[in-house]
């Protein structure tokens, strides 16, 4: 179904552009050989033209001549990753940057391999160990850990039978004060295989593959204490004293350091160091442990290095994943449990206040959005097109809809119109933010690395056309009500003391309930229902257009990248059933957090001096979209701005064509205060944002300056919302 490459235009585009494109396409066709019928490609500089096409991994970008058909060739390690990459370019599917399968170890960069390596490898001279990160370790953990070891050494010497452990604690006090460029070595290996402990098993398996998430080594089959070799473990008085007095306190201290360092992410090497100390070093006999400086170390052939650390801080640990889950999402998961416990156990606010609970509930939405996104991407990549489309359509907007519906239900029960206005502000904020802020921020960050970025203007044009249609449909009832509604003002003052002079009026709005609501029920409401039916129909037509009849607009080709001798079998992080269970549990937790957020937002709305408009368009609108913003930034850094733009456009289109019609449908079965009549500020901000976005995206290329314009316009609109008065009745 891939169309033939169109012939380059000649004289119509001028001599300069035509000759450039002709030379460009001719060069690529000569290099591609039998691939010339697939279109015109532009290779990255590191691809050698002299090589035959099957002998190298083709990395293509979307930078092509405007006279050639846009063709993007992507590389995938396996079929599942190929499906995920293909789904990223499908309209209506969630764009996901992270891998859904385990990457082959040999294909990873040296920087990433270092993140998963064990701390038991001696390297060459790496320069001075006096770095800012190491000094930070000394100030945060080193001094008091060393002090605890000194106290423990004194305690062990007092017991007499624990004197060997006292000497070990004294040596470890110096080690943990400054562990860099030092090694902890096991100098004797027990002959009996039954005496092997955790450290030996971990050291033997180090470097063989990806390590465990926290302990820095593969999980051992079974832990065996050191004295088990001759059956006299519990007969050793020193070992009993150590396990009763010394080990628990030191394990508690190292555990505290481990958790703190893990939460700080960049200090994960310190977390590995302390976790390995708990499970390995402190459980070995002191006679087998030697602490030495690296420059004086001569490792005997039978010796094993247990710990060897050079740096306490590694800024690249933001890439670290645990079973495919980013480390930040892992660290924020306990926050969800804390939020649910505080929200439902402390219902009378005895432990915390409502603003704190609202903040916790809002922050808990971020990791849940990440888990929902990864579950959708995993299921879609492992399923056929129909299942992927259903999952994306069902759960793609579940985060926002959960919050909107719970807010409308609470507002209906309390008879408070503010909740409906907050929902409208959040809808408008999501639309404006995804049209201006998301692509603008991606252009700025991507433009720092790439001087000029290009994207598929045809695919962006489809999203822009749907966005124009959706904005016009959503605000059609609002324009209708302003044309035919009756203007009603709360209070008016004569500023000229003349009955025929000028009047200054406040809290003016268009009344649709005149004559028992004849205008609303006979004209506006049928228009709302009609628009709510037409918008999803237009969305389905857009899906059919981009995914069935005009797939060449995206024109994505997935090619394998296989090296000789390497096997790239798909090892998925989450199976389909596991992803489905996580998706359902995350959705359930999302609904609970949304319920808590709406439950505790009332004091903020009533006591805050900030406009409710501003709260809706910023906090409630953009916090759930943070995982999408991160994905867009990562795509932009890889010079794939098309996906960054599509992320914002797809969310904006789904807001207008799916979320708002679903809310209208919900109000039919559960009457609420939600009506599809927006304030003037929402109408003007949305329409201006869509027009500006289409103007920026016309030529199919951009730079950081255009992104800065979009971001600045977004902040100007936020300033307008900040100084705007709150909605009438709130």
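Along the chain as shown, residues are numbered 1 onward.
Cβ atoms are placed via backbone N, Cα and C, with glycine included.
Record features, source TrEMBL:
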type	residues	note
DOMAIN	132-182	domain 'Inner membrane component'
DOMAIN	357-475	domain 'Sodium/calcium exchanger membrane region'
DOMAIN	579-721	domain 'Sodium/calcium exchanger membrane region'
TRANSMEM	135-158	transmembrane segment
TRANSMEM	240-268	transmembrane segment
TRANSMEM	325-346	transmembrane segment
TRANSMEM	358-379	transmembrane segment
TRANSMEM	385-405	transmembrane segment
TRANSMEM	426-448	transmembrane segment
TRANSMEM	460-480	transmembrane segment
TRANSMEM	527-547	transmembrane segment
TRANSMEM	577-597	transmembrane segment
TRANSMEM	643-669	transmembrane segment
TRANSMEM	681-698	transmembrane segment
TRANSMEM	704-724	transmembrane segment
Residue counts (helix, strand, coil, in that order) that DSSP gives for the domain 'Sodium/calcium exchanger membrane region' (579-721): 117 helix, 2 strand, 24 coil
Spatial neighbours of the transmembrane segment (358-379) far in sequence, C-beta under 8 Å, 6+ residues away: 84, 87, 94, 96, 98, 100, 324-326, 328-329, 332-333, 335-336, 338-340, 342-343, 387-388, 391-392, 395-396, 398-399, 403, 572-574, 576, 579-580, 582-583, 586-587, 589-590, 593-594, 596-597, 600-601, 604, 619-620, 623-628, 631
Contact set, same chain, for the transmembrane segment (325-346): CB under 8 Å, 6 or more residues outside the stretch: 98, 262-263, 265, 268, 317-318, 352, 357, 360-361, 363-364, 366-368, 370-371, 374, 573, 589, 592-593, 596, 599-600
Sequence-remote partners of the transmembrane segment (426-448) [C-beta within less than 8 Å, at least six residues beyond its ends]: 400, 403-404, 467, 471, 616-618, 620-622, 625, 628-629, 632-633, 635-637, 639, 641, 644-645, 647-649, 651-652, 655-656, 659-660, 678, 682, 685-686, 689-690, 692-693, 702-711, 713-714, 717
Helix, strand and coil residues within the domain 'Inner membrane component' (132-182) as assigned by DSSP: 42 helix, 2 strand, 7 coil
Helix, strand and coil totals (DSSP H, G, I; E, B; other) for the domain 'Sodium/calcium exchanger membrane region' (357-475): 103 helix, 2 strand, 14 coil
